[in-house]
Amino acid sequence: MSNTPYNSSVPSIASMTQSSVSRSPNMHTATTPGANTSSNSPPLHMSSDSSKIKRKRNRIPLSCTICRKRKVKCDKLRPHCQQCTKTGVAHLCHYMEQTWAEEAEKELLKDNELKKLRERVKSLEKTLSKVHSSPSSNSLKSYNTPESSNLFMGSDEHTTLVNANTGSASSASHMHQQQQQQQQQEQQQDFSRSANANANSSSLSISNKYDNDELDLTKDFDLLHIKSNGTIHLGATHWLSIMKGDPYLKLLWGHIFAMREKLNEWYYQKNSYSKLKSSKCPINHAQAPPSAAAAATRKCPVDHSAFSSGMVAPKEETPLPRKCPVDHTMFSSGMIPPREDTSSQKRCPVDHTMYSAGMMPPKDETPSPFSTKAMIDHNKHTMNPPQSKCPVDHRNYMKDYPSDMANSSSNPASRCPIDHSSMKNTAALPASTHNTIPHHQPQSGSHARSHPAQSRKHDSYMTESEVLATLCEMLPPKRVIALFIEKFFKHLYPAIPILDEQNFKNHVNQMLSLSSMNPTVNNFGMSMPSSSTLENQPITQINLPKLSDSCNLGILIIILRLTWLSIPSNSCEVDLGEESGSFLVPNESSNMSASALTSMAKEESLLLKHETPVEALELCQKYLIKFDELSSISNNNVNLTTVQFAIFYNFYMKSASNDLTTLTNTNNTGMANPGHDSESHQILLSNITQMAFSCGLHRDPDNFPQLNATIPATSQDVSNNGSKKANPSTNPTLNNNMSAATTNSSSRSGSADSRSGSNPVNKKENQVSIERFKHTWRKIWYYIVSMDVNQSLSLGSPRLLRNLRDFSDTKLPSASRIDYVRDIKELIIVKNFTLFFQIDLCIIAVLNHILNVSLARSVRKFELDSLINLLKNLTYGTENVNDVVSSLINKGLLPTSEGGSVDSNNDEIYGLPKLPDILNHGQHNQNLYADGRNTSSSDIDKKLDLPHESTTRALFFSKHMTIRMLLYLLNYILFTHYEPMGSEDPGTNILAKEYAQEALNFAMDGYRNCMIFFNNIRNTNSLFDYMNVILSYPCLDIGHRSLQFIVCLILRAKCGPLTGMRESSIITNGTSSGFNSSVEDEDVKVKQESSDELKKDDFMKDVNLDSGDSLAEILMSRMLLFQKLTKQLSKKYNYAIRMNKSTGFFVSLLDTPSKKSDSKSGGSSFMLGNWKHPKVSNMSGFLAGDKDQLQKCPVYQDALGFVSPTGANEGSAPMQGMSLQGSTARMGGTQLPPIRSYKPITYTSSNLRRMNETGEAEAKRRRFNDGYIDNNSNNDIPRGISPKPSNGLSSVQPLLSSFSMNQLNGGTIPTVPSLTNITSQMGALPSLDRITTNQINLPDPSRDEAFDNSIKQMTPMTSAFMNANTTIPSSTLNGNMNMNGAGTANTDTSANGSALSTLTSPQGSDLASNSATQYKPDLEDFLMQNSNFNGLMINPSSLVEVVGGYNDPNNLGRNDAVDFLPVDNVEIDGLVDFYRADFPIWE
């Protein structure tokens, strides 16, 4: 026993085992007859009936669990025996705790605790000396935080504790030698880590120089999403935070938003002038036959006299420009009187407010001329009225009819032309599903049955019997249910291990009577049919004997649904082309026999035929469980089973997000995927946490001895099965969760013994049931803790369960006294709980420094470096997870109150395996948890066939992705902090490049792992078998985060250095280097050569920042491949739609313009006069939002909030940003700090931009940029310089048809300017505040001859866009316009003659002599000027498609603004409606 690696006190404990078993007074054992000496031998007369009842000892075995399972001899070595080591399962070597050894274990725990305290004291002393030796005095401020003060106070207490116990632990000399050895080892490790992190001694000194630099993460990476119904906070770990933290993305978004605003203005003016020239009724009469339309008795009910000639009616009386749902040809002479006879009938009888509520009439349907049925087919619309209300305003329709006609049912004039019966049958579902059951739409290829519940209408309330009868029809046959449950516990259970398998299966047997089918019990304890002929035996009755069985039924439905979705055949088919072979991982199908593969294929084909509809879960949670009431109102019926159902419900909502439109009752139209970023999950998790507190899960069950006393009562209650009334003296939680297990054990011991509490066998079974219940208790609590950490990491929100050990003493599931010899997979679950909790502690340490305001406000560089090094050691396998957690605690990065010291006796052999070992496990047949020892082939043959091993390895794979995503985030934060400092401190350039390279490496690693996952999910028996639904969103989210950093680097590689917002414009007007023919030819040739090199590119290799000019092309190829992936995944996963649109947006935006596309029409390819609005399905529509939506967008606020005010730098270009008036009004009068000019880390001497090649391009500049003549000053002002505004007004002013109320404060009203002033500042970008609801009634411009001549002399584009950027100089504020009582302006034509007689065309009268080809349209010049983003030539044609335009007013009508968020638009095939009041109306 001397060669054992375990502690020296263990052999003494093991040696006293056999001698102490029989005489220890503390052992709860019962010796069998004949086991003692002859003096204790039983009498001879006990040989008949009494000898049948044998008493078994409650002896805890000494051998490990694995050896007893394999039935081999165990050498009982600690921490793992030799047999387990040879077999390759040393990580599972587990010994049951001896009850008499608790005192000895406590002594061991004390020694281990003292050892950890000594290590922590030394680490704190080292940190304190480092701080004192630092020359910076500001670094000491960060130690004045409450946590740091408690840390040092704790160190003094620990030092006192160590000094008090040192003499009892060991001698002083031995302690001194041990400390010296540990100090030497730590110094060597620190030196090696520093050497690996820095290439030479100079870089090491540079790193040490900036170690105490402080970073403020509370301002750079915090977002607030302002929605129409509230706000959502998005922290530094959210995927949108990178858009705020990166300066290049911030400037790009500002440029894009400005472009979008300009383009929308052009769209509006074009549509306004098209209405101005065509004086038509807003009601489309094209559907009526010509003969019927010409009849005098069938005139339009709209009063055309309300309109001025050629003008659109006022908004409050004008129906929105859509097709009128009333067929105007169907009215006979007795229905609608002619307009001449009835002067009071001046309004359309259709209530057009219904349009704003969401009803869209059909576009192509032609109704019958004289039909009285509905002209609206509600079944063809995706947007129906929210209530069954007729769109015809009956008050306006029937007010002129006599009473006898109105009451006559035979008179056709008394009937509404809308068929109300069809409206009742096709009424839209309300936002809340309290009245109807949503209809199930099975996916393509589904073999789901047609259930009556999907075709019938349900009342507002269904009785329990009706719900159960409907569920019986929805559930699959009995044998299929048993197969689904078996598949779940074999493949999916490790992802959500909060159930007791035996207990749950017994509950299912009781509810569905699966044991009545001549069952044969399989290895899992589930009753299975003995013949395949019973395959189609349906569920005829559902028994719910207890209240908690409703929750068990809900869990069963989630399991059936989730398992069906997770079948490999249901996964999305991904074809990446030639790159697919790079992302393949070996599978284990070669190790399976042909018969096993055939049997597996038959089972999957059987399961595919039986899909459980999502409506079954809705019925159960709404009518049986009443989950909304339980989670929000009352906790009377909350028990352990209720918490389990809530966790399963939350898990299902995140995994199967496509069903959220049916399951959720909240309206999340503003989010593309309400299943992951929505705040509804935050509320649900908070409810789960509070229910756990209500049940007492935060306290360990060993603290409550009364749990042991409830078993006899529970057993008796279950034996008398059939009544829902529970014993009032029985704990309801135990009654609901342990009854089935007790019933099963009691039935095996006989009915007489089950009613007898004196039976020792029954006592033992009861004890086992108690331990299994406590085990489930602990598993649920730590799973909630893990959910809290994952949500905080995903959304960047603070954790709910902070400082866990301050209020919870629940032990890990490994503390449960359970014999796992019959359930090895539960042993793996227990090991995973311990490992995953330790990984969560590492994540908590990172989240504390990023999200906690007290730490994130002044976090230091060396703290982030320590976190990076420890996480790298963990994911690369160079350090055990126990050592990593200990290092975090010793360095003060993780407080002990988070639970770091909860596992002092953890298995060091069970750690996170290396990622290559996980992926290559099937190919090389390597030991996944090898401890470095070589194993022979004979040992491999003896290896135990472990259950759900592939699922466990898939979970390990996801943990690696999470850790490496944190490493990417930490390096990115440091990179963005030090990159702008390079211009002031050149020493930071080395640090910035190192952090950028590390961030790129981890970003590419996440990108590759995402591709590996989706490229292997359909492979049979692969690593990700049955994990396609559970891991799809986490993998795709990490891939999406990686692409954001790729975009940042592409911008740096193409744009070059930033010049700084306060120094000069980042948008150079008129730069045409990208349109020079010779330059274009050279760019095309370089692009072709680089594309040939990319064909040979290996996507599995890392990308080097020193790749030069090919860096952007290499990264672009990654983006294209990811776009291809998300496009294929969009067919199955809704959240892939948002990511596909985001990727497609940047791909289109950063695409290099080619010469062919620019010269197709002789240099006029950007002439968009005939250009039509593209289809939404072919463009990125997420930027199509109105003013209110844009101002709520966090990226918009951050992108445009830092722009310097106009006039601060007169040399700045007018395209640079918004005016002072608009900017300060939006941002509350505050300005974000300016962005400093600096060179990016990708900038090299060979990467110079061709910004100086402007000689020839300047000569070709259009005369639009030469200058303009100001009538007020008669001075030529260069086009690139904005005139200084007078009277404090900005050079950018509101449009002609609307003006800001800030200009009315002085009592002056602007007059109508001339066209010279209208076009004088066409290049200036107006702010969003120019769009107001104030309207000005102007005379009809079509009546003015000069105005008409100027229109004729312009191109269609010019006439449509000439008033897009109207400037109202202060000289025009002379009060020539008066406001009438209605709030509209009337032009005083008597004072100035004709108000529009002085209007001239742009550039004065010279325009009349110029042709349309000599003068380019405004939009073209605008796009040409703004296609240059800091040297990056953005393709204007793709920019129009990417940014999107002003939506056609004919499609307007909804007044509920969709919450705007970039790349978040649900309606990919429908137009996003604007709020009509935000755009002016021309009259």
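Glycine is no exception: its Cβ is also placed from the backbone N, Cα and C atoms.
Keep in mind that what you see is a predicted model, and the values were worked out from it rather than measured.
Looking up the ranges 1-56, 897-952, 1065-1120 in Swiss-Prot, the one annotated as region 'Disordered' turns out to be 1-56. Within the set 516-543, 1272-1299, 1384-1411, the record from Swiss-Prot flags 1384-1411 under the feature region 'Disordered'.
The DNA-binding region annotation in Swiss-Prot falls on one of the ranges 64-93, 214-243, 454-483, 1414-1443, namely 64-93. Within 10 Å of the C-beta of C64 (Zn(2+) 2 binding site) we count 27 further C-beta atoms, all protein chains included. The Zn(2+) 2 site is defined by C64, C81, C84, C93, and by the 8 Å test on Cβ atoms against their centroid, the other residues of the chain that qualify are T65, I66, C67, C74, L77, H80, Q82, Q83, T85, V89, A90, L92, H94, Y95. The average per-residue pLDDT of the prediction over the repeat 'HRM 5' (389-394) is 52, rounded to a whole number. Its Cβ placed at the centre, C93 (Zn(2+) 2 binding site) has 25 other Cβ atoms within 10 Å. Counting Cβ atoms from all protein chains shown, C81 (Zn(2+) 2 binding site) has 23 others lying within 10 Å of its own Cβ.
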